[in-house]
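Working notes, structure below.
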Amino acid sequence: MGVIQTLDGLMNNPTPEGRVDDILRPEGDNPLLEKGFVTTSVDALLNWARTGSMWPMTFGLACCAVEMMHAGAARLDLDRYGVVFRPSPRQSDVMIVAGTLVNKMAPALRKVYDQMPDPKWVISMGSCANGGGYYHYSYSVVRGCDRVVPVDVYVPGCPPTAEALVYGILQLQKKIWRTQTIAR
């Protein structure tokens, strides 16, 4: 059944036979789908929009930040994934923590996280951000940024390559796609 036939059928019969309850039926029994209507949930629509427009707040603390800049450069070009780096936490929905988090910087990290609008996600990039890394036994290092902010995706490596960060961003997009946004 083509679009023209569907429009022609609607013009001849302006009141469709389907009711609101027809949306809840399985796809095979749904008369709205047979007439050419597409139904979706608000969750799926919002998650689709969020996966295509992730705006990360960069929180580069050490050498991993260089790889994060490399991922945004021309060779990998995160713009084609809808990732645009933002300088302000109020404009971003993703925070990339890249590098060694020390005790003095932990309150600043939490403050930036609290300033981000909901829903918000965090990517922990590198061994130092994941668990302290090389400086794990130092008295001044936080042993993982997940002790300060909730982390959604961990990117391993010392430093992780830019390709690993892109893979982590793609994994976060998959996680956002599966999230129930309204119930979150």
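Placement of Cβ uses the backbone N, Cα and C atoms for every residue, glycine included.
For the [4Fe-4S] cluster site, Swiss-Prot records C63, C64, C158, and the single candidate of C128, C145 listed with them is C128. Within 8 A of the CB centroid of the [4Fe-4S] cluster site residues C63, C64, C128, C158, the other residues of that chain are A62, A98, G99, T100, M125, G126, S127, A129, G133, G157, P159, P160.
Residues within less than 8 Å, Cβ to Cβ, of C158 ([4Fe-4S] cluster binding site) and separated from it by at least 6 positions along the same chain comprise G126, S127, C128, G133, Y134. Each of the binding-site residues C63, C64, C128 was scored by the number of other CB atoms within 10 A of its CB, and the lowest score belongs to C63.
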